[in-house]
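A.B. asks: So that we are looking at the same thing, I have put the structure below in structure tokens.
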Number of protein chains: 2
Amino acid sequence: MIKNYPPQASENEILERSVFFISDGTAITAEVLGHAVLSQFPITITSYTLPFVTNKARAEEIKDQINTLYQQTQIRPLVFYSIISAEVKNIITQSEGFCQDIVQTLVAPLQQEIGLEPKPELHRTHGLSKKNLSQYDARIAAIDYALAHDDGISLRNLDQAQVIILGVSRCGKTPTSLYLAMQFGIQAANYPFTADDMDNIRLPAALIPYQHKLFGLTISPERLSAIREERRENSRYASLRQCRIEIAEVEALFRQNKINYLNTTNYSVEEISAKIIDGMGLKRRMF
Amino acid sequence: MIKNYPPQASENEILERSVFFISDGTAITAEVLGHAVLSQFPITITSYTLPFVTNKARAEEIKDQINTLYQQTQIRPLVFYSIISAEVKNIITQSEGFCQDIVQTLVAPLQQEIGLEPKPELHRTHGLSKKNLSQYDARIAAIDYALAHDDGISLRNLDQAQVIILGVSRCGKTPTSLYLAMQFGIQAANYPFTADDMDNIRLPAALIPYQHKLFGLTISPERLSAIREERRENSRYASLRQCRIEIAEVEALFRQNKINYLNTTNYSVEEISAKIIDGMGLKRRMF
């Protein structure tokens, strides 16, 4: 290693680091966790994601890639990995990278607490097995359900919905319904209020029996107008005035009908979904 | 702590443990990583996911919940947490649970390597900020694109597709397209081959200019038939014979046209998506 390592950023300069996310599976967990860890540091990263690294030859190629980068830059690449095979893993950890095993780091302390040997081969984070196949099929069924009940297309089979999301066009109903299905296997329908509803806004008769399943989304008129502009530039639909009217009407409806609702302006689909699950007391299933 | 701790499972008995996933955000990362860690142990878990724990009062409630469970069972609940506020975090770690900080465990070793202090407040894993808003909007646009180009609905704007997924009905095209959009912001179209195509199967003229973007999915006839049975019981569509014919024809088409393809029988949408990205050399974006 060179002297005065690690390199220090001079003023107004942001450090750059190369990062490898390496896994014998999809590498999705390595990416998500690695980003969570790295985002705590004021650095910019250039990242390389290498999934399905299951044999020694591939691991050797990656080791060479890491070492070449180190030789060129004299800065150790950061490596977040999750690999079960000891042989494959050892090749990666013998590279010049700064290597962290994202799963094993947490497994080791648990071993003593649980009092059992870990068996890494049991696991494939995002894999299919006989054990989880019926759960997986339920998740795919939830995606089908969300698509069949998107945007009020069908108001049938609402007894099968775990939540029915309400709101104006482009406030986040569809991505949220799909995320609830994809991540949590939750069956979500959604229903839009349109400009035509505004003169005499009320809950459709088909939704009234399911009042306990309703959850409203709202959004700031400014953000809604910006989103709608992307879709239909300079339209009445996208105008701030129209957005203000629709949101005021729909929020009033939510309040009158005592429907729990959330302002999505500053939230991602992950956050909106987690808040709906929390607000409705739904069970989060894991896949 | 009681003597002979941890409790040992007798033969043929599987240990049960309670697990808490606690976060000041969505708790999705805590759940995914916690499950990856726990699945290495031959135990069954009862899990409690507690997102948006941002104040001391809520943390005290959860601490009480953990302690009550410990007092009832004399087994320490396992706790995977990610909380920025030191005050809130301290309440959780003072519980009787066996607590592991999923992000900080990896941050500490990095601090020395990077040579900078971590600033946890920079980060919200699944959050929206001015910094990532345009990226977020691109991801929502990718979901819109997938929906507009699902199942061959539209063959327009295929120049904007990063990948066009081909395959028979129910082989995984739609969930994969949506996952590519949701997780990676990748614009994916998909096109189905139906029973009617089988007599004279060929690539639609609209797809020929985009041959370099095509990616095929296939599946075992047995699994396909089981999936189709769920949709249309005892139909010709779901019959093993029909599934065999369609798959044989479509696989032959993939080979004739030198289209890269993947058998999805044993893969989840996460795995299929990661393999498509890998196979097509697409850039994985992170959100």
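Cβ coordinates are placed from backbone N, Cα and C, and glycine is handled just like the others.
Curation plays no part in TrEMBL annotations; they are all automatic predictions.
Residues annotated as ADP binding site in TrEMBL: B:Gly167, B:Val168, B:Ser169, B:Arg170, B:Cys171, B:Gly172, B:Lys173, B:Thr174.
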A.B. asks: Under 8 Å Cβ-Cβ to chain A, which of the binding-site residues B:Gly167, B:Val168, B:Arg170, B:Lys173, B:Thr174?
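C.D. replies: Checking chain A against the binding-site residues, the residues within range (Cβ-Cβ under 8 Å) are B:Thr174.
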A.B. asks: In the same chain, which residues outside the set B:Gly167, B:Val168, B:Ser169, B:Arg170, B:Cys171, B:Gly172, B:Lys173, B:Thr174 have their CB within 8 A of the centroid of the CB atoms that define the ADP site?
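C.D. replies: Apart from B:Gly167, B:Val168, B:Ser169, B:Arg170, B:Cys171, B:Gly172, B:Lys173, B:Thr174, the close residues are B:Asn190, B:Pro192, B:Leu217, B:Ile219.
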A.B. asks: With a 10 Å radius around each C-beta, find which of these binding-site residues (B:Ser169, B:Thr174) has the fewest other C-beta atoms nearby.
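C.D. replies: Each of the binding-site residues B:Ser169, B:Thr174 was scored; lowest Cβ tally within 10 Å is B:Ser169.
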A.B. asks: Around B:Lys173 (ADP binding site), how many other CB atoms lie within 10 A of its CB?
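C.D. replies: I count 27 other Cβ atoms within 10 Å of it.
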A.B. asks: For a quick check of packing: other C-beta atoms within 10 Å of the C-beta of B:Arg170 (ADP binding site), how many?
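C.D. replies: Around B:Arg170 (ADP binding site), other Cβ atoms within 10 Å: 22.
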A.B. asks: Enumerate same-chain residues with a sequence separation of six or more from B:Val168 (ADP binding site) and a Cβ-Cβ distance below 8 A; give 'none' if the list is empty.
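C.D. replies: Spatial neighbours, sequence-distant, of B:Val168 (ADP binding site): B:Pro192, B:Phe193, B:Thr194, B:Thr218, B:Ile219, B:Leu224, B:Cys243, B:Glu246, B:Ile247, B:Val250.
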A.B. asks: Let me check the 10 A CB neighbour count of B:Gly167 (ADP binding site). How many other CB atoms are there?
C.D. replies: 27
A.B. asks: Non-local Cβ contacts of B:Gly172 (ADP binding site) (under 8 Å, 6 or more apart, same chain)?
C.D. replies: B:Leu217, B:Ile219, B:Thr264, B:Val269, B:Ile272
